[in-house]
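Have a look at the structure below before the remarks.
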Amino acid sequence: MRARRRGRGEAAAATENSKKLVNTVEGCADDALAGLVACNPNLQLLQGHRVALRSDLDSLKGRVALLSGGGSGHEPAHAGFIGKGMLTGVIAGAVFTSPAVGSILAAIRAVAQAGTVGTLLIVKNYTGDRLNFGLAREQAQAEGIPVEMVVIGDDSAFTVLKKAGRRGLCGTVLIHKVAGALAEAGVGLEEITNRVNVVAKAMGTLGVSLSSCSVPGSRPTFELSQDEVELGLGIHGEAGVCRIKMASANEIVTLMLDHMTASSNVSHVPVQSGSSVVLMVNNLGGLSFLEVGIIADAAVRTLEGRGVKIARALVGTFMSALEMPGISLTLLLVDEPLLKLIDAETTASAWPNVAKVSVTGRKRTRAAPAEPLEAPDSTAAEGLPLKRVVLVMERVCTTLLGLEEHLNALDRAAGDGDCGTTHSRAARAIQGWLKEGPPPASPAQLLSRLSLLLLEKMGGSSGALYGLFLTAAAQPLKAKTDLPAWSAAMDAGLEALQKYGKAAPGDRTMLDSLWAAGQELQAWKNPGANLFQVLTKAVQSAEAAAQATKNMEAGAGRASYISSAKLDQPDPGAVAAAAILRTILEVLQSQGV
């Protein structure tokens, strides 16, 4: 990246081609289409051509056939949209390359021979596609085959109209759906062509990407610095209309929708308050599902905040650009008749199972069930001094917050490096809870409340384990709160951890620290046991056990998947548990309990 000067080795690495899981660069488009057909009994390959067709062509006799296609690398487009109610077939070119005229003509002839009454070619507005599909159309018409062609340009990036027109992007998939529903209903070729051309004018798409993609056998098509985002790019790795600074998902989505709907933009979609739209949130190939969900949420909230009714929302990967980590938003203005075509049934494998109800106006939350009333606690009168309880918990929180970076560093060796973050999240949750009011004086109720809090706020396996431990430990304390009862509480918590966590002492987990402490706490069950002598030994044993985990082979948790040769630091969960016990001891000693 531009942020620092690269060394000679790094410069050489930057010129290398990106890694791809393919057999050969030359055959990757053929292999990809063959794989789709092999796994879908509803599709067939046209021998000698990179063409996929419906396997039930004979059922289309007397109806209009729909053919589309373009370069490979946009999967699931276009072959994923072959099926009843959508496309009849697809002609695929090499990656980002228009398909051959001969293959397009062969597909037209194949559907004509099946008895169709005409063919509509649905073509994205790119020069190569227009030329090749157009030439095939002319040749087919010369043979007496009725063929029409619609060129889809839904790009909303350019504020000034280019001579080449708007590029064809993800909105083309909606045209496949509309045309497919009309063809399935028996509508004629001329009417389908006219209606599709009208729909295409009420649609716009805009893309944004965090970086480029790379064609198999080649380097990335453009480079972005860490703080840059490409706006208005196409689907072939070409650069966009401008570069903007990296921002939050909310800000980027707002910018995209502003650009798409601004009346000063010649390629805008005339969406305004009161408009009804179909929204498509399309992953360009490399974004995580998590990011796509965040963007979808931002798009819905932003549009609804402007008074736009979202009739349907389609979220997923519909037209990709290989592994490009980006997103495109498509808006299609709809009325009820058009919506019925969008909702019409289809067997196309890549079309999502969209609910036939409006997104806007639907209740999206359900009230959570009320917490059950707590049963009377026979130990309530023997409650703990509240000031001491609060002080212990505050000090524990301070300890965990101070250990955040250390625990994260230990966790990076065997996990995802967030153990400290998880424990800090628990500490902040407890601090917030204490500010809301005094905690319960009853030990059983205190542990139960802490359990619920950690289960909800701490997250991760640590939250579940602490929740289990505290829930089980609370049970013996409902009857008594003397030292033997606290020892029994420790036993119950340890038993729950082993039962559900599937860990045992020696497995290099937080259980190792707690188990060592629990063995020492058995002494509390003896008459006349001293609180501090036993607790001090328990803490020392827990700390020793935590340190000993660095010499153990992990038998549970994420670390169990890591080679023991790479684990030379103590387990962070065990270190955290021992630190909690040490803090409790020190506070109690300072209070002279």
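Using the three backbone atoms N, Cα and C, a Cβ is placed for every residue, glycine included.
What TrEMBL says about this one:
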- H236: active site, tele-hemiaminal-histidine intermediate (ACT_SITE)
- G71, S72, G73, H74, K124, D129: substrate binding site (BINDING)
- 24-351: domain 'DhaK' (DOMAIN)
- 387-586: domain 'DhaL' (DOMAIN)
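For H236 (active site, tele-hemiaminal-histidine intermediate), the same-chain residues that are 6 or more apart in sequence and have a Cβ closer than 8 Å to its Cβ are G71, G73, F96, Y126, T221, A321. Mean pLDDT across the domain 'DhaK' (24-351) comes to 95 in this model. Close to the recorded substrate site, the chain also has G69, G70, A77, H78, A92, G93, V95, F96, T97, S98, I235, H236: residues not among G71, S72, G73, H74, K124, D129 whose Cβ is within 8 Å of the site's Cβ mean position. With the fewest other C-beta atoms within 10 Å around its C-beta, G71 stands out among the binding-site residues G71, G73. The Cβ of H74 (substrate binding site) has 29 other Cβ atoms within 10 Å, all protein chains considered.
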